[in-house]
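Written out below as structure tokens is the structure these notes cover.
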Amino acid sequence: MKKIAIIGSSGGNLYNLGGAEPEKLLQEIYQQCDAADVQVAAVQFIAADASMDVAKADTPASVYALTPENPLKPQRIFQGKLSEVNASVVESDNRIAQMIRNGEIDGIVVMSADPQKANQAVFAAAVEMKTPIVGTGGTSMALVAAKGANVVATSGTTGTTSRTRAVSFVASLCKHWGIKYKPQLGSASPSQGGSGKSLLKRFNIRSIMIPALPGFIAMAIVLALSHIPGLEKLNDIFEILLKGLPVLVAVLAAKQISELDEVSIVAGVVAGVLSVEGGLIGGILGGVMAGVLVRWLFELCLNWRFPMTTVNIVAGGISGLAAGLIMHYLLSPLALSAGNYIKLAIESTLAFSPVLAGLLAGLVIWPAILGGVYHAVILPLVLLEMEKSGVSFLGAVDMVGLVMVAAGINLANVIAPREKSEAAVATPGLLINMGFGTFVESAYPFMFANKIVFGSAIFWAGMGGMMLGFFNIKGVAYVPAFASPFLSSNALQMALVMFAVMAMTCITTIIANRFRAVVQKEPAAQAR
């Protein structure tokens, strides 16, 4: 197993590009070393509380290093003024230099190091032993190279991220050593690790739509406010937000596919802006293509030994541009048509029989969420509806059929629970249902414990959907219950339907609780 040393500081430009978070920066390198089966044998990293370009002798700073007690993870071993920190690392500098001379270090990763003072001994030893060095930091790497060191790969810091730098470091060393290495581009968290999945398996429509939901709700709020006399000009803001939705989903899709954080975000924005004409589906397609190209171009540029700044520019900029141009000139019209056909299918169903459509939507919404279909099918349909008008019929069914039904069940178990302990369980659920318009899962324990409650939940969800269809109400999901009527197409009718469904579900649940209590008492009496 190859062993490396990590030498450096939070740097000048590096401070603004990850150096201010030393733990995360070092963890990214550790993650890539694990992927390459490379051991980190020594660390000396000076982290200042300001950029080294403006830092002074009295600037607070810390030293991160490996300790005998914890040789697997860098620890903060000293904290003080920068001048004190620089003086404190003399011993570790000499110790790591001796490790290099003893052949215990096979390569060095450098980040904005100080080859003239704080790291003088390390680089003197590296020059003697011809130890391969990779690193970033224009000034420091120039000084290292001037000493005659064996610099395998070097780059500036501009345009890089902690992850892309780490990948570049390890890839360059592995190529120099002739060992295989596959970048680990998932989470840097030790507990999570990378996904390790193929590009196709990483695509998950739920993971795109659910994080995008706040953007859709913001748009719905603006639309509702624009109906207030005197605030009509907010409709212009609504139109701007409407055009921004494809960009939003493109960013989320690109980030999900590539797992390259900031680089993929840039690519997603570029692709999304050029995919706006394709609507929501166009944004998703553009983001997916950008994510695929980001990953491919990133690894290609690494193999070609491009400087890290150039790697990021190519991966983030060119991939986003290429995906965006393909969408803009070729696929956006098709994506827009697909979205319009889906919306037309929903509208045609409502036009044929709104009452029947509402009844069916209400009856299936609980089985859908219990079966795991809701977030994969219904939520995307809700967002596709909202893309056009800011409100959604299925969104209203969600609020009435799920949230109000759950609130009614929880309210019943607060007022008249089967057992006193159940009131304590139901109260938080009720508050979240009413205050935040979510956590319908809070009703599960009561539904699963009583078939009558379970059946009534589905029944009243269906009745609520039928009433929504009768009044032709469209609304928004995932908002506080008290705000939902004002974000709907008809505030008064929406409020009445919400209240009616909640009240009837509550009454039915209370009756079911009382009936079960009587049934339980009778066998007990017979036993006596």
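Indices start at 1 and increase along the chain as displayed.
Keep in mind that glycine also has a Cβ here, set from the backbone N, Cα and C atoms.
Note that the structure is a prediction, hence the values are computed from the model and not measured.
Of all ranges given (117-134, 423-440), TrEMBL attaches the label transmembrane segment to 423-440. Among residues of the same chain six or more beyond the transmembrane segment (452-471), those with a C-beta under 8 A of the stretch's C-beta atoms are 350, 353-363, 365-367, 393, 396-397, 400-402, 404-406, 408-409, 443, 446, 490, 493, 497, 500-501, 504-505, 508-509, 511-513, 515-516. A contact between the transmembrane segment (491-512) and the transmembrane segment (391-411) is present, since 3 or more of their C-beta pairs, 6 or more residues apart, lie under 8 Å.
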